[in-house]
Amino acid sequence: MTTEAEAGVGPGQKHAGNKEMDGTAGNKGVDRSAENMEAGQSAVDMKVSHPAESVEVDRSAGNSEVGRPESGAGGLARVWCWLQRRVGLGAAGFVVVAGVFGVIFSVVTPPFWGHDEITQFGRAYQVAQGGFLPERIADDRGVSYGGDIPLSIDGLMGYAFGDYNRKPVEPERFAADPVAYRLLGSAPVTSATKPMWFTNTAAYSPIPYVAAAVGIRLSEAFGLNVGATVQLTRIAGLVAYLLVVGFALRACRGFRIQWLAFTVAVLPIALFQAGTVTADTMTNALALLVSCLLVKGLFLGARLSRVETAAALAATVALPLSKPTYVLLAMLVALIPARQYGFRNCVRWIPWIGAVLGAGLFAAWMKVAAPTGDGMGLMRPPAQWHSVRPGDQLHGILSHPGHFLSVFTDSIWYRDQRWFTQFFGELGFAYIDVPAVSILACLLAFAVAVGMAERLTGDRWRTIVVALTVLASVAMIYVTLYMSFSPVDYYLVDGVQGRYFVPLAVVAFAVLLRWMPLRLTNTRGVTPVRGPAIAVVVATVVALVAAVAKYHFMVWG
């Protein structure tokens, strides 16, 4: 019996032979299972399989999401099968794991100790009050943007800022006085306000702050105190992350590659950000949504449902408005063949129209937010306040590209090990790295998830375009920070964080899998599902437990 690994056949190639294979008992079983998984959608559009693989799935009765028998376990078996068909084990596992650890991070992390959480909350509060555009404020130091914030919230912000900047010496804990947080957090939210500076987040559109703004408005409606307001705002962002990413993983149900997306979605850094107030929460969620739908439509050759099509088009517009550096990633939805959307004739151009609309809105917002770049120098030490000049940096890149490439290369030698660690987790402004066991567990999860993924197909030239887009997006991260955060003539590109590469991870792995034939197989040459999936979940949970334990120990003692 020839296996998928031996034949070297991709999913798209196997689809072409479905008519010859329909007569085999194995294929009939798979066809019936695929119909159970997705009512109204053909087996060609769902689970891609091979006769040898199908027989193995049916015999093992548990190695695949489509092979588990429904008889013999009563109601529990029916619930299990419904979960597999309608939700997907990857999506269900994500909601549980991300929900639990997202809440834990939101509770364990002191108020405003997230990445730029003070200025992120300030922008979210402004959006909640209807302030959608950047607002100039008076500041003797130079160009500044910001908005008003209640005095009691500002008091907690000020204490948190001073606390995480103490930089205590080991073995002293990072948080000086837990009682102070409880006292400041128990204060009511005052009606009196004061201006606060948040130039760095004023540049963001309101889109990534919608969930946080809803949390703030709910806290106002319930009359919550300062601490509860911060907590509810964090939880609102987490709920949005669970909904968007859960939907993305559900779109990949029936495909083994869902576990790769799961691994990226539950990285310690991703869940830490989901548990704090930041625009990155929605940015990561939208990037994962675009990535999963791109993989499904382009690399797996599967048909998108109407809801998935609508989600892809919406994300094409929303992602560029969430964070400019991922505008090219959003444009990739136009590469999904029109037939996978179900579009024909004139409507086949709808994805391209969506991409043009997203790019146009991105350009319009960049024009609105451009003046904030003149105030970014205030993020740096006083001696460098006026040394961040985007115009001069752009002129330098265009007139002396060799110098920029030299600075870029030097940045890699100086900082690449930091970016690697930060990809897995540098938790907030306490700058606590996740422990080595977390990184090792995540690497194990990635290795298993990559090894169990399907053999991806896809047009060669479209795959090349995707690969070039990933590289261009990486370049945009460096260029953006070189222009907007690095002082003129600085020796490296400053401000690059490993977490900025998380939104690109799924698509980057998809390109790798498209050209890498190696896969995990059992002794019979078949790629199993159940065992590797359990290994991925266990490894990610171990990584998260270790990260939470270290963070709690370092911050609270």
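Keep in mind that glycine also has a Cβ here, set from the backbone N, Cα and C atoms.
Unlike curated entries, TrEMBL annotations are predicted automatically.
Annotated features, as they stand in TrEMBL:
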REGION    1-73  region 'Disordered'
TRANSMEM  87-108  transmembrane segment
TRANSMEM  232-252  transmembrane segment
TRANSMEM  259-279  transmembrane segment
TRANSMEM  285-304  transmembrane segment
TRANSMEM  311-337  transmembrane segment
TRANSMEM  349-370  transmembrane segment
TRANSMEM  434-453  transmembrane segment
TRANSMEM  465-485  transmembrane segment
TRANSMEM  500-517  transmembrane segment
TRANSMEM  529-549  transmembrane segment
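Most Cβ pairs under 8 A with the transmembrane segment (285-304) among the ranges 232-252, 259-279, 465-485, 529-549 are made by 232-252.
Of the candidate ranges 87-108, 232-252, 311-337, 349-370, 500-517, 87-108 contributes the most Cβ pairs within a distance under 8 Å of the transmembrane segment (529-549). In summary, the transmembrane segment (87-108) does not lie against the transmembrane segment (434-453): fewer than three C-beta pairs, each 6 or more positions apart in sequence, are under 8 Å.
Highest Cβ pair count under 8 Å relative to the transmembrane segment (232-252), across stretches 259-279, 465-485, 500-517: 259-279. A Cβ distance under 8 Å defines the sequence-distant neighbours of the transmembrane segment (311-337), meaning residues of its chain 6+ beyond its ends; these are 204-205, 207-208, 247, 251, 279-280, 282-283, 286-287, 289-291, 293-294, 297-298, 304, 350-352, 354-355, 357-359, 361-362, 365-366, 462, 465-466, 469-470, 472-473, 476-477, 480, 500, 503-504, 507.
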